[in-house]
Amino acid sequence: EKDKEDESKEEDSCSQQNRASRRKNYQRKNSDGKKAGEEGSQQRERGKKAPTKDQKESENKERKTNKKGKEGESKQKKDRKNSTSSTSSNSSDEESLSEEELAMLMEQVEQKKKLISTMRNKPWRMVKKLSVLREAQAFVEKFEGALGKGKGKKLYAYKMMMAKKWVKFKRDFDNFKTQCIPWEMKIKEVESHFGSSVASYFIFLRWMYGVNLVLFGLIFGLVIIPEVLMGMPYGSMPRKTVPRAEQATAMDFSVLWDFQGYIKYSALFYGYYSNQRTIGWLKYRLPMAYFMVGISVFGYSLMVVIRSMARNANESTADGDDDNFIFSWKMFTSWDYLIGNPETADNKFASITTSFKESIVDEQESNKDENIHLRRFLRVLANVLIICCLCGSGYLIYFVVKRSQTFSKMQNIGWYERNEVEIVMSLLGMFCPPLFETIAALENYHPRIGLKWQLGRIFALFLGNLYTFLLALMDDVNEKLAEEDMVKNITHWTLLGHHNLSAGNSSTATPPPLDPADVPRGPCWETTVGIEFVRLTVSDILVTYITILVGDFIRACFVRFVNYCWCWDLEAGFPSYAEFDISGNVLGLVFNQGMIWMGSFYAPGLVGINVLRLLTSMYFQCWAVMSSNVPHERVFKASKSNNFYMGLLLLILFLSLLPVAYTIMSLPPSFDCGPFSGKKRMYEVIQETIELDFPLFVAKIFSYVANPGLIIPAILLMV
């Protein structure tokens with residue numbers, strides 16, 4: 001019973017490791033002695049039958065083993081006595097030794113924790129790492145809990161408990177933040193079924209939504225809300241009133257669908273805003289705010305795009321396109337670890353196998369003579385055909401815009417004549433990319449290189465169509481500017497005649513004000529440009545959604561339910577299920593964002609329409625992808641696709657800035673609408689603010705900075 005009590009005390013005392021190891025050694029020796037005694041007894045039994053010499057030898061061996069066993073037992077008893085005395089002294093002097101033991105244990109536990117955290121970086125074999133890791137974890141689990149015993153050790157145990165709870169809280173909070181990222185789980189689901197190349201489109205769409213949300217906050221908070229709350233109310237001035245001739249049909253659906261009537265004279269467009277230098281009791285400088293917000297839209301977008309490109313460049317990894325070590329790249333970097341769907345995994349497996357076969361064939365044929373002239377001829381022919389398509393689409397848009405200007409001067413025109421420009425541009429954007437893809441089959445490029453060529457060609461198509469539309473629109477703007485001179489004189493003489501008529505009737509009384517609805521209006525070319533951009537955006541939204549419904553959903557329903565009673569296999573043959581068009585959707589987003597950047601200066605509410613479009617597109621397209629599309633036969637990783645998208649976005653941002661800068665610096669604003677009416681150029685609002693609101697020396701500094709001798713070197717430095 002004493003021995004059992006001693007052993008329990010030894011197990012409870014954590015600081016007696018060395019003595020416990022000695023006790024184990026002595027127990028081993030004791031067990032050896034017992035085994036030797038058993039062997040001696042067995043030899044004794046055998047010796048009864050053996051001759052006398054063997055009997056003597058066995059007796060001698062038995063005596064030796066008995067001596068060893070007695071010596072081992074005596075030593076073990078001495079050690080037990082020493083251990084009992086030491087444990088009793090420890091229990092009595094627990095308070096005196098606890099500080100030293102606590103410090104030693106804390107130091108050892110911290111060393112083991114540090115070893116566990118840095119185990120992955122040790123240049124050891126895996127067997128050694130695992131063994132050392134298990135020993136360290138066992139040590140920490142054993143003695144970290146022992147530190148919580150005793151009066152002076154409870155605080156440390158409490159700290160350790162709180163540290164563990166804090167680590168768990170941070171882990172749970174990180175999971176909560178991941179759950180709070182908009183559409184994160186939805187994008188992960190798409191990524192697991194279709195690979196990272198399709199998911200990169202939805203990540204790009206979410207990023208675009210965030211950028212447009214910030215732009216909408218700037219425009220809505222600094223331009224629209226101040227004008228609505230502190231500006232002149234609706235109907236108080238001509239620019240905020242529907243003309244008398246249009247009031248009868250101002251609420252018709254066909255008129256509102258064309259963004260005429262009450263929508264045209266609302267805060268959605270440029271012409272609604274007042275040209276008063278300050279409005280409201282806050283003396284808010286609305287024209288200055290309108291100009292600075294218009295510039296800030298481009299500045300913020302440029303900063304965000306460049307920052308995202310830099311981040312993607314730092315995070316991107318090699319995608320296997322390197323010319324050196326092709327098979328090593330394919331072996332170790334080809335798999336997409338975000339795939340979680342069996343069908344997509346099978347497609348990826350087949351894609352990797354096919355790419356290995358293609359690389360082997362390419363390696364074998366690289367040493368052979370090939371007909372390179374035929375390949376060059378086919379590629380030149382494909383590019384010539386695509387250039388002809390681009391030129392034809394540009395001419396068609398220019399012809400349609402000029403024709404629509406003729407229709408605008410006519411009355412009682414049909415729905416097609418009113419929306420011919422939007423319909424033609426949408427149809428070109430729908431049918432030209434598949435035509436480009438068919439022509440690109442002549443080039444025999446690698447699919448990833450072919451995808452980038454396809455993206456570049458569709459981008460050229462959209463950009464050419466947009467700039468052709470702008471050039472044709474500039475002709476309309478010049479006509480409206482010439483018309484404004486005539487209307488300006490008519491308005492002046494109308495107001496003068498009303499004043500003279502009122503003065504002739506009663507010279508003493510003040511003349512009654514003229515009803516704003518009866519004042520002659522100018523064409524307000526800024527609002528006309530804004531209406532065209534809004535109509536293009538809305539028509540693009542409708543065409544996109546109808547294309548998804550008809551081209552993906554109805555097609556998938558037809559293949560799914562009619563396949564049982566058809567002559568051939570619809571799933572394997574024509575028409576089959578649709579694949580998600582990455583290039584077309586990405587460039588549709590880029591093209592749409594370019595229209596938003598250009599049109600937001602003339603239609604401040606256009607950014608709000610785009611925010612709603614992106615919000616609905618995320619849900620609608622995610623549903624369409626998961627319900628109607630199938631994974632690509634060749635699944636590629638999207639390691640550098642996001643940066644390629646950002647490069648296209650940066651290019652169209654620069655090209656979108658050019659028309660806006662041209663109108664600000666070169667064209668005169670309308671005389672009776674918008675915040676810059678009454679000025680020769682829009683940028684004069686800055687000069688006016690500097691002269692009237694800043695000290696004199698600030699105006700001198702700006703005049704020196706505006707010197708072309710400084711501007712030209714600054715532009716060269718930025719380039």
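Backbone N, Cα and C define each Cβ position, glycine as well.
Where the annotation comes from TrEMBL, it is an automatic prediction and has not been curated.
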Query - TrEMBL annotation of transmembrane segment - which of the ranges 421-442, 553-574 it falls on - result: 421-442
Requested in this report: State the non-local partners of the transmembrane segment (644-665) in its own chain: residues 6+ outside its ends, Cβ under 8 Å from one of its Cβ atoms.
Outcome: 200, 204, 294, 298, 301-302, 305-306, 308-309, 312, 452, 455, 459, 463, 467, 470, 586-587, 590-591, 593-594, 597-598, 601, 681-683
Report summary line: For the domain 'TMC' (524-639), the DSSP residue counts stand at 82 helix, 4 strand, 30 coil
Query raised in the report: Which residues, given as numbers and ranges, are at least 6 beyond the ends of the transmembrane segment (421-442) yet have a Cβ under 8 Å from it?
Result: 378-379, 381-382, 385-386, 389, 393, 396-397, 400-401, 404, 450, 453-454, 457-458, 461-462, 465, 469, 532, 535-536, 539-540, 543, 547, 581, 583-584, 588, 591
